[in-house]
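Enquirer: Pasting a structure here, questions to come.
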Amino acid sequence: TDSDCREDCQAGTCFSGACEGFPDQYAMDGKCGIQHNGLLCGGKWGTCCDITGKCGTGESFCGTGKCQNGNCSVSPDGSCGGTSKFVCKGSTLGDCCSSAGFCGSTTGHCQAGCQTSFGTCTKTGLSPDGTCGGANKYQCKGSGYGDCCSPSVYCGSTTGHCNAGCQAEFGTCTSTNISPDGTCGGTKGYLCKVSTFGDCCGQSGYCGSTTGHCTAGCQTAFGTCTSTDLSPDGTYGGTKKYKCQGSSYGDCCSPSGYCGKSLDHCGAGCQSGFGTCSTVVTSSKAPIPTGVSTDGTCGGTKGLKCQGSTFGNCCSVTGICGSTVNHCAQGCQKSFSSACLTTNIYSLDGACGASKGFTCVGGPFNTQCCSSGGLCGTTDDHCKTGWYVVFIPTFLAFVDHFAARKTMEHVSKLATMATCHIGDVVGSIVRFYVAYCHRFCITSGVGLDSRCIKPAKLTI
């Protein structure tokens, strides 16, 4: 066998052929040293020649003061390497020198961190401290810390170690492309299944477990999907064959291409191929007048109006019926609405002032100041003490009446009557110099802005 061949070829055993070392230099009978022509020890006789001229192993042959040649540095106390340079091979404690400098025969001695210069090692690449890869290129498999090498170069056995980002070169990996950050698909091709963020990859490229992730637009290539044809936007059919049934917009598909649950969606013209339809629908409600929106859309080529619809009386700039600020303020289409704001119209895009006709108060920019340039904001350029233009129709009517007199008494009375906000609408109608205050503020209907203080003196 191979093991027999290796033993037969060892020094001290082999006397011809492919022997280890030179046969004439090694004792063939276990007798060595100066007593026997300086022969060395090897093979089955041991590696140390003691002071009596006999071959052997262990401290009695190899220890300090007892060995005359051969492997005379065998550890006498179990320590190895370091300054003493003791070796473990031949030691009664074990042939392996651990990373901590002790002889032994356990995996802790013979594998990770084992010092090959001072003993026998079986595997030196195993991680001795739980780290992996990097400059040391430590391996995790069999290390005792876990078989997987994580992206942060630590051994372990959790999904964080074994899945996305796991370094297969330094350990075992179950999957290397599971999403580590909640993203999916795209150029990296991360998968959501068994990730900590959810098994479904939504159409926006994020993992999750909601209907928004798992239904319409769900990417089956990168996660689990429950239904990919459910309408995500209220439309149906088309190239993606979206369906209404089960969507949040309603189960019925109207002739105009929208999901819903009204009579116009579920009755005549309802598309049964993409949703649920009612063959007979009765309603105690009065019929909806012609031209009134039945699906929430307005204006455009259809010219549908919001007034009298169930969605709200304002037609937004994007052509959607509703009753919120976004529908009834800036951009509200008066031709298709009955409730558009006509005064103190809230700005939706930050534009303000008399020339633009919009105010910062009441909308998404509430409590912000209108700068001289006609933009809502909160910086010093918008709100700083100094000259402000105020646009309060009632107040201006009084000012025009008394302007010719320029009587401070009357202006002071007007100041107590007026409710002004800093630059709600910028114009060039009238200017006030604020001598002892920072801002004019509306106190009626809106509530006093905590950043404002009441003027102490006004001059024209």
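Yeah, the Cβs are placed from backbone N, Cα and C, and that goes for glycine too.
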Enquirer: With reference to TrEMBL, which of the candidate residues Cys88, Cys96, Cys97 participates in the disulphide bond with Cys110?
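Expert: In TrEMBL, Cys110 forms its recorded disulfide with Cys96.
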Enquirer: Of Cys184, Cys214, which cysteine does TrEMBL list as the disulfide partner of Cys200?
Expert: Cys214
Enquirer: Which one is it, Cys132, Cys162, that TrEMBL ties to Cys148 with a disulfide?
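Expert: Looking through Cys132, Cys162, the record in TrEMBL gives Cys162 as the partner of Cys148.
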Enquirer: C-alpha of Cys266 (disulfide bond) to C-alpha of Cys62 (disulfide bond): distance in Å?
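Expert: Pair distance, Cα basis, whole Å: 99 Å.
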Enquirer: Do any residues at least six apart in sequence from Cys214 (disulfide bond), in the same chain, have a Cβ closer than 8 Å to its Cβ, and if so which, in order?
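Expert: In sequence order, Asp199, Cys200, Gly202, Gly208, Thr224, Cys225, Thr226, Ser227 meet the Cβ cut-off.
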Enquirer: Using a Cβ cut-off under 8 Å and a sequence separation of 6 or more, which residues in the same chain sit near Cys162 (disulfide bond)?
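Expert: Correct list: Asp147, Cys148, Gly156, Thr172, Cys173, Thr174, Ser175.
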Enquirer: Taking the Cβ of Cys266 (disulfide bond) as centre, how many other Cβ atoms lie within 10 Å?
Expert: 22
Enquirer: Between 0 and 100, where does the mean pLDDT of the domain 'Chitin-binding type-1' (77-123) sit?
Expert: 83
Enquirer: So how many other Cβ atoms are close to Cys48 (disulfide bond), meaning within 10 Å of its Cβ?
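Expert: There are 28 such Cβ atoms around Cys48 (disulfide bond).
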Enquirer: With every protein chain in view, how many other Cβ atoms are within 10 Å of the Cβ of Cys110 (disulfide bond)?
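Expert: So the Cβ neighbour count for Cys110 (disulfide bond) comes to 23.
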Enquirer: So for Cys96 (disulfide bond), how many other CB atoms are inside 10 Å of its CB?
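Expert: Around the Cβ of Cys96 (disulfide bond), 27 other Cβ atoms lie within 10 Å.
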